[in-house]
Amino acid sequence: MEITMENPKKKGVVLDSIVDTSLKKTPKIETKNIKVWYEEFNAIKGISMSIKPNTVTAFIGPSGCGKSTFLRLFNRMNDYVDGFSLEGKIKINGQNIYKKNVNVEELRKEVGMVFQKPNPFPKSIFDNVAYGLKIQGIKDKQLINDRVISSLKQVGLWEEVKDDLKKSGLALSGGQQQRLCIARTLAVEPSIILMDEPTSALDPISTAKIEELIFQLKQKYTIVIVTHNMQQASRISDYTAFFYLGELIEFNKTKNIFTNPEKKQTENYITGRFG
Amino acid sequence: MNNIQKNRWKDQVFKFWGIFCTVIGLVLLTIFIGDILIDGIRRIDWDFITDLPSRKAENSGIYTALMGSIWILALTTIIAFPVGVAAGIYLEEYAKNNKLAGLLEINISNLAGVPSIIYGLLGLEVFVRIMNLGASVLAGSLTLSLLILPIVIVSTREAIKAVPQSIKDASFALGASKWQTIWHQILPASGGGILTGVILALSRAVGETAPLIVVGALAYVPFVPQSPMDEFSVMPIQIFNWISRPQAGFIENAAAAIIILLGITFIMNGIAVYFRNKWQKKWK
């Protein structure tokens, strides 16, 4: 096993291709030597990576490896966690998002997030999608209406709910709820969407719908997704990052990670030997 | 008897002990209410509610005391509701886990257990004397507000705690500020719980006697308060006053007033239960 993995020729090809594509497009998200602490616990131990626009990047790794923590850095959702502290730089669209004068609310309009468990507000379907616009102070009813409809259409929910937009978002099925949550995120028009295990609470059919949706959304958005499902990572992502114990073990094109991982740990994990 | 039988037997014994304990409370309450009803129900008519107090038992009514209670209730709501809810929101959402909040929390829990007469003394010194409000409705309301603030704060915090973190996360992730999240998500979702707590606290306030006596509420007031600065009486004080009279007619009056006071408390508790159920349904 190890011999085939460390075939120097193949390794060279991999590295070249990374350099090539990264020259073409400036990174959407760039992190430099990121370290995160929760009180004394060192959750992230110095991670640098750059994520290109209009790609799907999957974060994989065993529970507690820091992938969710790392994801939540991009929209500063860790700010509320007690004892959280950060070292290093994260740039989104070239801007350091942890600088003092950064407006966190503005950042979150640019970097949307979908959570593990579908979490619609206890409001109507319409109000769920319109919420992000209303809190921005947008009062133009026509604009809100258009944005709600187009967001629901994008996630393929429009045909299913168009007759009862006044119904509570909580009355939908789990898969529909998750698509509603994605629509709610799209309505704010972010350019990056973070997804924290978005299908782990869903049945296979709903999961397939969400995966298809992610594939379509790639045209307009940069997507970073945390997943525990290896098949899902290999199906939907362009790049895969393998995390282990707060470190980034390997980050490469998904094809390479799954067919020809450079590190033994990566191979053991994706073949199900641990984790 | 083997082990299983033994456990079953213990189970039965405990069950009956539980039933017995529950019944004691219910029986005593029923006897009390029955007794009061027998004594006082005949005395209740429209005149009893609209008559001013009098030296003669049969001419006496609860009008001034009832109006005093309503004044006190209204002013206490106006004072305690915004202050208590705001303090609860601050402690739960803003000041979480800092040292000052920890200290405040312990103090508030302790305050909830302070005897009400102590609040009366505090009110007498601070509101009546230092702030020079006199034995007014305002001074009484401020004192009762202090008394129920800990309850309002604690129940506000409990209601806010029950709002799932996932809802707050979703709101923040869409670019909402803390205040927007509180206003648009947390308060609507916890409103039922907060309202329930406030109403229960107020129904306690409406039955309080000791602190108002200390503040200087009068046992005999021949007029209805026209402003927050007027002197006043309240139902419990009126009842206390009547019970201490030797004439039988006044005892009957007291029983009738107790029925009305109990009625008010039951209605308030009923409203609280209604709100709680209504909000719970909304979540499903």
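Keep in mind that glycine also has a Cβ here, set from the backbone N, Cα and C atoms.
Here TrEMBL flags B:66-272 as domain 'ABC transmembrane type-1'.
According to TrEMBL, the feature transmembrane segment maps to B:16-41 (among others).
The transmembrane segment feature in TrEMBL is assigned to B:62-91 (among others).
Annotation source TrEMBL lists transmembrane segment at B:135-154 (among others). Counting same-chain residues at least six beyond the ends of the transmembrane segment (B:135-154), those with a Cβ under 8 angstroms from any Cβ of the stretch are 68, 71-72, 75-76, 79-81, 83-85, 87-88, 91, 108-109, 111-112, 116, 119-120, 122-123, 127-128, 197-198, 200-202, 204-205, 208, 211-212, 215-218, 225, 227-232, 234.
The transmembrane segment annotation in TrEMBL covers B:182-202 (among others).
Under the heading transmembrane segment, TrEMBL lists B:209-225 (among others).
Per TrEMBL, transmembrane segment is recorded for B:254-275 (among others). For the transmembrane segment (B:254-275), same-chain residues at least 6 beyond its ends with a Cβ under 8 Å from one of its own Cβ atoms are 33, 36-37, 39-41, 43-44, 48-49, 62, 65-66, 69, 192, 195-196, 199-200, 202-203, 206-207, 235-236, 238-239, 242-243.
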What residues elsewhere in the chain lie close to the transmembrane segment (B:16-41), defined as a C-beta under 8 angstroms and at least 6 residues from its ends?
251-259, 262
